[in-house]
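Engineer: This is the structure I want to talk about, given as structure tokens.
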Amino acid sequence: MEDDRKDAVYGTPHKYDPTFKGPIYNRGCTDVICCVLFFLAIVGYVAVGIVAWTHGDPRKVIYPTDSQGQFCGQKGTKNENKPFLFYFNIVKCASPLVLLEFQCPTPQICVKQCPDRYLTFLNAHNSHDFEYYKQFCMPSFQNNKGVAEVLRDGDCPAVIIPSKPLFQRCFPAIHTNRGVLMVGNETTYEDGHGTRKNITELVEGAKRANMVLEARELAMQIFEDYTVSWYWIVIGLVIAMVLSLLFIILLRFLAGIMVWVMIVMVVLVLGYGIFHCYMEYSRLRGQAGSDVSLVDLGFQTDLRVYLHLRQTWMAFMIILSILEVVIILLLIFLRKRILIAIALIKEASRAVGHVMCSMLYPLVTFFLLCLCIAYWASTAVFLSTSNVAVYKIFDDTSCPLSGKTCNPETFPSVNESRQCPNGRCQFAFYGGESTYHRALLGLQIFNVFMFFWLANFVLALGQVTLAGAFASYYWAMHKPDDMPAFPLFSAFSRALRYHTGSLAFGSLILAIVQIIRVVLEYLDQRLKAAQNKFAKFLMVCLKCCFWCLEKFIKFLNRNAYIMIAIYGTNFCTSARNAFFLLMRNIIRVAVLDKVTDFLFLLGKLLIVGSVGILAFFFFTHRIRIVQDTALPLNYYWVPILTVIIGSYMIAHGFFSVYGMCVDTLFLCFCEDLERNDGSLERPYFMSPELRDILLSSQAGKQEEVEEE
């Protein structure tokens with residue numbers, strides 16, 4: 001009676017069909033309208049790329065520009081031999097105007113080299129140092145004015161100080177000497193009137209400007225670490241790939257043993273992590289400065305500092321202990337369900353063994369995703385650099401025209417120069433007033449949206465392909481004799497030939513939700529300074545709801561693609577049938593699907609943890625493979641985190657094939673139970689081992705329900 005009510009609510013189960021032998025080959029095209037829209041969107045995306053590549057100029061990102069909008073160090077220009085940008089008064093780079101205009105309100109020129117000495121214009125004028133000083137003046141400077149006129153007109157800087165190039169820009173070489181803040185070896189300077197002043201005033205402004213550069217310096221140090229350690233990072237990723245492949249191969253022949261070995265190894269790896277954290281915590285006891293709290297220390301760019309605090313290792317130990325306890329409790333309460341999941345994994349291992357080329361398909365997905373990312377990134381760069389140079393009036397005084405656009409060629413002779421006698425018409429930023437320039441924001445949003453759509457389509461294509469191949473295995477009565485010769489290629493060709501529209505439809509829905517999440521994140525960043533608590537609460541609720549919606553759509557799409565691969569129906573019909581089938585078997589979904597996901601997560605953690613521990617000991621010089629392998633790293637956590645993240649992505653790629661196989665076999669199993677009864681006339685397609693353990697567990701659950 002209860003089953004009848006469930007069937008009435010969640011659709012009618014499929015009836016026995018003696019002609020059904022797995023994925024239907026005689027099928028037609030589905031969701032044709034969405035297929036046409038998808039191809040039109042791709043054509044539009046290509047057109048946007050062509051327009052962006054026509055108008056864009058990536059040199060604006062690579063090379064700095066002077067006050068006239070000319071590139072520094074670019075071949076074929078007058079500044080070809082002047083690769084560095086010099087600021088007349090870098091103190092003004094700390095002005096809030098920089099945040100609005102993205103340009104320092106001070107003259108800037110391209111120079112051959114950054115200043116390496118301290119000089120003032122007053123001292124250098126009429127001296128042997130003037131030839132050196134002139135290279136930091138405006139190119140149009142003529143030595144036919146007085147000192148006051150030169151400084152008033154901004155032809156030369158009032159002072160030059162020792163600087164170092166960073167990202168092709170000259171920044172003061174600030175350092176301390178016995179607690180005194182210094183630039184070079186000078187502590188005082190002369191102003192334009194000959195008065196000797198403490199250079200700390202100048203340096204403090206430069207220091208404020210340099211605070212913005214800390215993140216850039218950190219990025220440069222990280223880049224240096226990559227240049228030194230990239231070879232060993234690649235070796236670590238290769239080790240992760242070999243371990244993943246070896247684990248999958250062993251899982252094919254020793255599924256039950258490997259699952260239990262994986263569980264025990266994860267527990268042991270976490271246990272060793274807890275032990276190591278405790279040893280480090282004990283070692284730091286009594287050492288000077290080790291008892292400083294994380295809150296008192298604050299954020300430090302050198303993350304190695306945190307490893308000298310006992311509180312850091314205590315936090316690591318607590319996190320690992322909680323994770324260890326959670327995993328052990330889950331293993332205790334899910335021990336019976338793990339046996340059922342192992343049976344499903346064994347069946348998945350047989351399916352993967354008969355379709356071994358499926359293990360290589362993640363490489364196809366990875367390649368296509370790389371193409372999508374490359375096209376999106378290049379289009380975004382060309383769009384962001386397709387603006388024209390905009391010149392504005394910069395004036396340190398209270399000029400009413402300050403910030404207005406101007407023409408540098410005609411500015412000296414127009415009325416604006418007379419209203420702002422101290423004003424300068426210099427390059428401000430790249431923009432434009434044409435229709436194309438006003439549409440740039442919309443084109444960038446379209447670029448992001450198409451990236452989401454194409455990336456989701458690539459993932460959907462992989463899921464349908466793998467589902468079709470594994471469904472061919474399940475619905476073969478005599479395995480593998482009744483399977484097609486090339487199940488993976490057949491499934492791939494069917495997906496592209498008949499179901500491009502359905503895949504585009506499912507990907508479109510997901511892309512719309514993802515672009516809404518991006519907009520919400522953007523609005524959240526813009527509203528962070530707001531004091532409206534209701535707006536913040538509403539934003540958190542919206543972000544949470546759309547996150548849940550995205551997860552649900554991904555789950556529904558995944559199962560809909562399996563039904564598409566089997567029956568060849570359109571997306572909406574497949575999604576509805578998959579949802580109703582799962583709801584009619586909701587207990588099995590909770591028992592099998594999530595437990596297998598948990599076991600695969602443990603497998604990923606085992607591979608990532610093993611490679612991560614090896615990387616930690618190697619990059620911290622605890623072990624040396626050969627002599628002289630100690631790498632001069634700024635931050636050893638850079639290669640370690642890279643290896644850990646890369647190892648997880650590699651392991652996820654291999655286990656995703658198993659995950660898709662398990663999901664496909666599970667849906668096929670539920671269909672098999674509804675279509676057949678195990679008799680000679682209507683035999684099950686599932687293997688005897690899978691049938692015995694799944695049906696016996698289901699019978700036991702029914703007995704428990706009846707007793708209650």
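FYI, residue positions are counted from 1 along the chain as it appears here.
Using the three backbone atoms N, Cα and C, a Cβ is placed for every residue, glycine included.
A TrEMBL annotation is a machine prediction, not a hand-curated record.
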Engineer: In TrEMBL, which of the ranges 538-560, 561-583 has the transmembrane segment annotation?
Structural biologist: 561-583
Engineer: Can you see whether the transmembrane segment (32-53) and the transmembrane segment (450-475) are touching - at least 3 CB pairs under 8 angstroms, only pairs 6 or more apart in sequence?
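Structural biologist: Counting Cβ pairs under 8 Å, at least 3, so yes.
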Engineer: Against the transmembrane segment (450-475), which of these stretches has the most C-beta pairs under 8 Å: 257-275, 355-377, 496-520?
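Structural biologist: Out of the listed stretches, 355-377 contacts the transmembrane segment (450-475) most.
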Engineer: Count, for each of 230-250, 355-377, 496-520, 598-621, 633-655, the Cβ pairs lying under 8 Å from the transmembrane segment (257-275), and report the range with the highest count.
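Structural biologist: Against the transmembrane segment (257-275), the leading stretch is 598-621.
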Engineer: Which residues, given as numbers and ranges, are at least 6 beyond the ends of the transmembrane segment (598-621) yet have a Cβ under 8 Å from it?
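Structural biologist: Distal contacts: 229, 232, 236, 239-240, 243-244, 247, 259, 262-263, 265-266, 269-270, 272-273, 327, 330, 334, 338, 341-342, 345, 629-631, 633, 636, 639-640, 643-644, 647-648, 650-652, 655, 658-659.
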Engineer: Would you mind listing the long-range same-chain contacts of the transmembrane segment (633-655), meaning Cβ under 8 Å and 6+ residues beyond its ends?
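Structural biologist: 221-222, 224-226, 228-229, 232-233, 236-237, 240-241, 244-245, 247-248, 302-304, 359, 362, 366, 600, 603-604, 607-608, 611-612, 615-616, 619-620.
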